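*Asks:* What TrEMBL shows for this protein is this:
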- 15-424: domain 'Major facilitator superfamily (MFS) profile' (DOMAIN)
- 30-49: transmembrane segment (TRANSMEM)
- 55-79: transmembrane segment (TRANSMEM)
- 91-109: transmembrane segment (TRANSMEM)
- 115-135: transmembrane segment (TRANSMEM)
- 156-179: transmembrane segment (TRANSMEM)
- 191-210: transmembrane segment (TRANSMEM)
- 245-268: transmembrane segment (TRANSMEM)
- 280-299: transmembrane segment (TRANSMEM)
- 311-329: transmembrane segment (TRANSMEM)
- 335-353: transmembrane segment (TRANSMEM)
- 374-396: transmembrane segment (TRANSMEM)
- 402-423: transmembrane segment (TRANSMEM)
Amino acid sequence: MTSEPRTMTRDDRKVLASTLAGTTIEWYDFFIYAQAAGLVFGPLFLAPVNERAPGLATLISLATIGISFLFRPLGAIIAGRYGDRLGRKRMLVLTLLLMGAATTLIGLLPTYETIGVAAPIALILLRILQGFSAGGEWGGAALLAVEHAPRERRGWWGAFPQIGVPIGLILATGVLWIMSTVTTPEQFQAWGWRVPFLLSLTLIVLGYLVRRAVEESPVFKELQQRTRTSAAPLRDLFRGHTRNVLLTALIFVANNAAGYLIIAYFISYGTATLGLPRPSVLLATVAGSIGWLVFTLYGGVLSDRIGRVRTFQIGYALVFAWMIPLFLLMETRDIWLFTLAIIVLTIGLGLSYGPMSAMYAEMFPASVRYSGVAIGYALGAILGGAFAPTIAQALVQGTGSALSVGAYIMVLCVISLAAVTAVKEPKGTDLGLGERPLA
């Protein structure tokens, strides 16, 4: 790829559409599990625990979300290794198929009442497969978009795979809302929750066809032509870029933790703790996801204007400032204020998520870029969102106040702000073979 700006071609638009479609489907699958964990997995897969202590069953169900995050780095390592050696496109097709298979099988899984303890074990194994797939997905999608992008519009292009996250959340929440509306609580728990998982099969077929038609990243093609692909990208990554891996992980911590409050915890908190109607809470999540989508796109555009670091700093400052007011509004038990609290949170979330693809790509050389971006993102997810819903549930049960959750996210914001401030502005770095990534 040359350093000269260029205009968007038809193939470029196809790349943006495919990265958006693919990440949307992947994250739909991922979020369906996260939301179902807060709604029904406790009584269905942990029946003995749920009979004695429903709160503990919910806590354990939410913890299974975090278990999958522990396997994200393994997915990132393997996808990164082969993505840096064989290409971004091949790994993206593979991760999509793995996620789809795991999600569909969850929809077919018998409950504790049918197969006993084998039910939660199988559920956890399938969740691990989801985590493995998610670990390799994001890095490849982000790079495919950013490495095709004109230098001056990387933030905008890189925001497209990012908005696959809120769109996937909208789809997942929307389907769950429909099923909650058209079924009785008994029907939803008996079979209604399975429908969103089984719908994934259709989406995966569509995503597979879209991704097969995508051209490989021009940067990777250049690597192949010059025989510059690394034989051991993981070794090369940690030999020369350990600091950047750690920084990318810490930068992501607060965003991922706050994001998973929307994805998983707020649904359980709104229904079980505050007593709000499930369909209303799900609609509030959809409204928040729309805000997240809009401000993620704006965050990418803003980072092309004022820089990646400043955009991140503004985003995290907003998340920090909003955490206490957010829970004060939610505790009014007014669904409109509950919804408003989530929407305002997404302003900071979007500004600290939109620039991520471009910034991370600009922090690593082409030969180890997939590995660096994927592993940093996966480690940040473990430290941030992996157990955020579980920690939030435990804090509320232990302190009796949701404000403790706000304080927890504020601490993470300080960590992520410090990490992003330690990065030398990378905007405009050459992404070809001659680049010198900045940090």
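Every residue gets a Cβ built from N, Cα and C, even glycine.
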*Asks:* Per the definition of 3+ C-beta pairs under 8 A with sequence separation of 6 or more, do the transmembrane segment (91-109) and the transmembrane segment (311-329) touch?
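*Replies:* As far as Cβ distances go (cut-off 8 Å, pairs 6 or more apart), the transmembrane segment (91-109) and the transmembrane segment (311-329) do not touch.
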*Asks:* If you average per-residue pLDDT over the domain 'Major facilitator superfamily (MFS) profile' (15-424), what number do you get?
*Replies:* 88
*Asks:* Is the transmembrane segment (335-353) packed against any residues at least 6 beyond its ends, judged by a Cβ distance under 8 Å, and which are they?
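*Replies:* Residues 162, 165-166, 254-255, 258-259, 262, 266, 270, 274, 276-277, 280-281, 283-285, 287-289, 291-299, 302, 311-312, 314-320, 322, 325-327, 329, 416 contact the transmembrane segment (335-353) from elsewhere in the chain.
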*Asks:* Can we call the transmembrane segment (374-396) and the transmembrane segment (245-268) in contact, meaning three or more C-beta pairs below 8 angstroms at a sequence separation of 6+?
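*Replies:* Answer yes: the transmembrane segment (374-396) meets the transmembrane segment (245-268) with 3 or more Cβ pairs below 8 Å.
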*Asks:* Out of 30-49, 191-210, 245-268, 280-299, 311-329, which stretch touches the transmembrane segment (402-423) the most, going by CB pairs under 8 Å?
*Replies:* 311-329
*Asks:* Could you check if the transmembrane segment (191-210) is in contact with the transmembrane segment (245-268), meaning 3+ Cβ pairs under 8 Å among residue pairs at least 6 apart in sequence?
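*Replies:* Between the transmembrane segment (191-210) and the transmembrane segment (245-268), contact is absent.
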*Asks:* Applying the under-8 angstroms CB criterion, which one of 30-49, 245-268, 280-299 scores highest with the transmembrane segment (311-329)?
*Replies:* 245-268
